[in-house]
Amino acid sequence: MAITKIHARSVYDSRGNPTVEVDIVTETGLHRAIVPSGASTGSHEACELRDGDKTKWGGKGVTKAVANVNDIIAPALIKEKLDVKDQSAVDAFLNKLDGTENKTKLGANAILGVSMAIAKAAAAEKGVPLYAHISDLAGTKKPYVFRFLSKNVLNGGSHAGGFLLFQEFMIAPAKTFAEALRIRQGAEVYQKLKALTKKTYGQSAGNYGDEGGVAPDIQTAEEALDLIVDAIEAAGHTGQIKIAMDVASSEFFKDDEKKYDLDFKNPDSDKSKWLTYPQLAEMYKSLAEKYPIVSIEDPFAEDDWEAWSHFYKDGDFQIVGDDLTVTNPEFIKTAIELKSCNALLLKVNQIGTISEAINAAKDAFGAGWGVMVSHRSGETEDVTIADIVVGLRSGQIKTNAPARSERLAKYNQILRIEEELGDKRLFAGNKFHTAINLYL
């Protein structure tokens, strides 16, 4: 089916920063996508094109990316008359039009907006939900697998003020079958956590971080984990909920010294207390022995490959690569060869097209890895990732706290999909890491 119109505009994400929205019009109507944005980004991610004009939006404007869609991509793609159902051909054309290795000419935010909208147009032409179209593109088998939800209920690092080192502390309901019940459990723990945080640290401690989690001014991971365990108990869900963490350690890695500064938000940090990677690895193991931690994301810096491989040898939980792998097949291949981690955090805007994101997931699955589909800290009302996680059959999604409408939009889409599928789905449960292999 021919594309009759492509139009991009600048809209706003959840942090109030500009981002790219793309409309594609075909005979089935208008199909819209909005591109998310990250705060703690890997240096190897595809290029997010920003204007750089500090007098407007602090340099974060996207008028160049919008113009690239309207003035370059739109006329070229319409003229090419590609079938919207042929996602790989469309994405290959977009990459060829850009002509750079990292999408620096047109911008990954321009290209991805078009790629996402194309996928929605294709699903509409086929008369199927987006998750079913994604499943067709990925070649995944049925039934669909429902997921291990990672809800970021406590924010630190670059996503919040205060001195808390680690960026995300997540809860993951893992014992019940119904998606609706797992979302309910997460919401109940979150409400208890807010109440406990305010009681312990004062009313302002219940304020939100970028991703909807509470952001109290606490100092250590142990404080954060104790709060979460207490909230789980107060909600009556002890034993039913696990914990995951995103350390985002690239944010506090000191490259010159090859050490990790656990007090990186303090300008007067004591260098004598900085840790080597074996020392940091022991800290993680100690935390995992004390708390029900099942997954750790970015435990080491993105280029500290030796540290990752060292940790992988002894780790008995999921080790997730985000900044390390940036949803890029080349980095995923290296991580597989070096035995650096055993799971991929899949962020479509890190690589810039739907096709490349699907291929990254397939590479990870092929190595026996888990795949966790993820939002970004600068999110929007677009719910595409909810359909992607179902279509890929990955069994894991990270879309964070049950607060703020841009986060809840994904949970609400998950509920709709669950209702639509009825009993035609499986629950990953404690087998979330290998959900792709689950069959009736």
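Cβ atoms here come from the backbone N, Cα and C positions, even for glycine.
Small disclaimer: the values here were computed from a predicted structure and weren't measured.
Here Swiss-Prot has Asp246, Glu297 binding Mg(2+), and the candidate from Asp217, Asp322, Asp323 in that same listed site is Asp322. Take the recorded positions Lys347, Lys398: by the count of other Cβ atoms within 10 Å of each Cβ, the lowest one is Lys347. In the three-state DSSP classification, Lys398 (substrate binding site) falls within a strand. Taking Arg376 (substrate binding site) as the reference point, the recorded positions whose C-alpha atoms are within 10 Å of its C-alpha, out of Glu211, Asp246, Asp322, Lys347, are Glu211, Lys347. Taking a C-beta cut-off of under 8 Å and a sequence gap of six or more, Asp246 (Mg(2+) binding site) has these contacts in its own chain: Asn152, Phe166, Gln167, Glu168, Met170, Glu297, Asp298, Val320, Asp322.
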